[in-house]
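Novice: To start, I am sharing the structure in question, which I have written as structure tokens.
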Amino acid sequence: MDVDLCCFEYPGGVVLQTQFWDYKPATGPNDSFTLHGLWPDNCDGSFEQFCDNSMEISDPVSIIEQHDRDLLDTMHKYWKDFKGNDAYLWKHEWNKHGTCYSTLKPSCYGNQMSAYNNVVDYFNQSVALFTSLPTYDWLVEAGITPSETATYTKSQILEALTSKFGAEPYIRCDTTNALQEVWYFHHLRGSLVGGDYLPIDTLTTSRCRSDGIRFPPKVPGLNPTQTHTVPGPSPTDPTVKGHIRLSGQQGCLIRNGHWYTSGACAGYSLIQLETGSVNLKSSGGYCTIHEGGFICAHNVQPFEFEYDQETGIISANGQSTFSADAIPRGRVQQKIMLGHGQIDFNLKFSMN
């Protein structure tokens with residue numbers, strides 16, 4: 001493709017500004033959601049991750065402090081990790097998502113590129129967009145206030161936010177039906193810095209119940225609420241053992257990540273990460289997505305999967321559909337691919 005990828009985002013073009021309401025214990029101010037990230041998505045809701053290891057960082061605090069102390073102060077106030085390790089969250093958000101913005105490549109800066117100013121641009125833009133989307137204020141203005149007893153309907157919450165944002169955001173509730181996340185989707189025209197952010201309706205379907213949604217006040221405590229981009233296992237049990245089966249199909253995954261119907265299922269470890277994502281590991285090694293295929297081996301970098309505790313479904317890069325070219329017969333092993341194919345299914349983790 002003979003185009004200048006410094007002028008617009010490719011692949012993708014959709015940008016999510018994600019906010020969390022961690023209420024037990026409280027993270028961030030009592031009258032504000034907290035900033036979680038600024039994510040590049042594709043138009044089908046899928047996304048890339050950890051796109052360029054040459055752009056990864058290890059010490060975001062030092063980088064930001066050298067460039068913009070006021071920015072760092074704002075991030076310490078609003079960009080909070082639910083386990084208290086803010087710097088780890090910032091590093092993770094840049095390495096996983098920031099490195100996937102084509103307009104933040106060092107080559108796009110030309111002679112103006114200095115040490116890490118693309119990193120600072122990412123954090124600055126994340127904070128600026130977050131500041132322009134005051135979720136808490138919009139809810140309170142509509143009469144939706146934190147309460148131990150009051151409940152609200154999904155339509156009340158969505159109408160309050162949609163009327164201000166100009167498009168319908170995505171809302172996520174925790175296992176107690178308490179509001180916990182809001183994602184604002186944008187179509188980005190131009191580069192991440194200086195481009196136009198046009199509100200668009202969510203590309204993800206909310207599973208919050210239609211009524212009885214809680215909006216608890218933030219309270220101090222010792223046990224964090226799980227604020228995850230996808231629900232996962234309890235943080236007190238970060239690794240669980242189980243098998244991976246295929247929805248609607250016989251058989252399961254064996255140690256190399258292939259589909260097999262004539263033998264025992266391999267044991268898999270589902271390892272909870274601080275960020276809410278999970279790693280998967282068999283006796284064959286960590287699992288990853290390589291050239292579109294699901295594989296597990298000793299010589300691969302662990303991939304950050306998403307795991308839905310309620311359904312057991314495993315997703316990768318926002319996609320929950322996996323596929324194979326054929327059903328394996330006899331002693332044949334079948335490779336699993338991410339996305340649609342001849343035979344589609346979900347991968348479901350079942351605990352031992």
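In case you wondered, yes, glycine gets a Cβ from its N, Cα and C as well.
Note that TrEMBL annotation is computational and uncurated.
Per TrEMBL, the feature active site maps to HIS36, GLU93, HIS97. Positions annotated as region 'Disordered' by TrEMBL: 219-238. For 241-350, the entry in TrEMBL reads domain 'RNase T2-like C-terminal'.
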Novice: Per DSSP, what is the helix/strand/coil residue tally across the domain 'RNase T2-like C-terminal' (241-350)?
Specialist: 0 helix, 53 strand, 57 coil
Novice: In angstrom units, rounded to an integer, how far apart are the Cα atoms of HIS97 (active site) and HIS36 (active site)?
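Specialist: Answer for this pair: 11 Å between alpha carbons.
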Novice: Return one of helix, strand or coil for HIS36 (active site), based on DSSP.
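Specialist: The three-state answer is strand.
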